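Colleague: What follows is a single structure, and I will ask about it in a moment.
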């Protein structure tokens with residue numbers, strides 16, 4: 001399954017383009033722009049599993065830096081600052097990784 005099986009390719013392209021500048025990434029805006037807010041919990045889980053490259057059930061900090069590439073292979077990597085900010089937003093228990101439940105909760109709060 002690819003990201004475009006779940007999300008509109010044009011929405012992904014616009015969202016990736018909107019955050020092409022270093023240190024411009026805003027995860028809430030990005031996830032809204034790609035359409036995650038409108039997706040079911042099951043679809044959000046599917047997106048999470050695509051982003052979980054090592055299939056550990058979590059997105060660790062090293063994977064998080066490449067999160068945009070999970071949406072579009074030609075997207076940029078997140079800066080260290082952006083990665084830390086995103087990790088802090090999603091890692092509610094401080095264990096250094098983000099579970100699917102954190103992604104789902106962030107969608108519900110938007």
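In case you wondered, yes, glycine gets a Cβ from its N, Cα and C as well.
Features from TrEMBL:
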DOMAIN    39-74  domain 'EF-hand'
BINDING   52, 54, 56, 58, 63  Ca(2+) 1 binding site
REGION    90-110  region 'Disordered'
BINDING   91, 93, 95, 97  Ca(2+) 2 binding site
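Have a look at these and tell me how they're positioned relative to everything else.
Modeller: If you look at the domain 'EF-hand' (39-74), the same-chain residues 6 or more away from its ends with a CB under 8 A from one of its CBs are 1-3, 6-7, 12-13, 15-16, 19, 25, 80, 83, 86-87, 90, 96-100, 103-104, 107.
In this view, residue 52 (Ca(2+) 1 binding site) is surrounded by 19 other Cβ atoms within 10 Å of its Cβ, with every protein chain counted.
Sequence-distant contacts of residue 91 (Ca(2+) 2 binding site), defined by Cβ-Cβ distance under 8 angstroms and a gap of at least six in the same chain, are 97, 98, 102.
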Colleague: At a 10 Å cut-off from the C-beta of residue 54 (Ca(2+) 1 binding site), count the other C-beta atoms across all protein chains.
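Modeller: There are 10 of them.
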Colleague: What other residues of the same chain, not counting 52, 54, 56, 58, 63, have a CB atom within 8 A of the CB centroid of the Ca(2+) 1 site?
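Modeller: Same chain, not in 52, 54, 56, 58, 63, Cβ within 8 Å: 53, 55, 57, 59, 60, 97.
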Colleague: For the recorded Ca(2+) 2 site formed by 91, 93, 95, 97, name the remaining residues of the chain with Cβ within 8 Å of the site's Cβ center, in chain order.
Modeller: 58, 92, 94, 96, 98, 99
Colleague: Is it possible to list how many residues within the domain 'EF-hand' (39-74) are helical, extended or coil according to DSSP?
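Modeller: For that range the per-state counts are 20 helix, 3 strand, 13 coil.
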Colleague: Fill in the CA-CA distance, residue 58 (Ca(2+) 1 binding site) to residue 95 (Ca(2+) 2 binding site), as an integer in Å.
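Modeller: Residue 95 (Ca(2+) 2 binding site) has its Cα 11 Å from the Cα of residue 58 (Ca(2+) 1 binding site).
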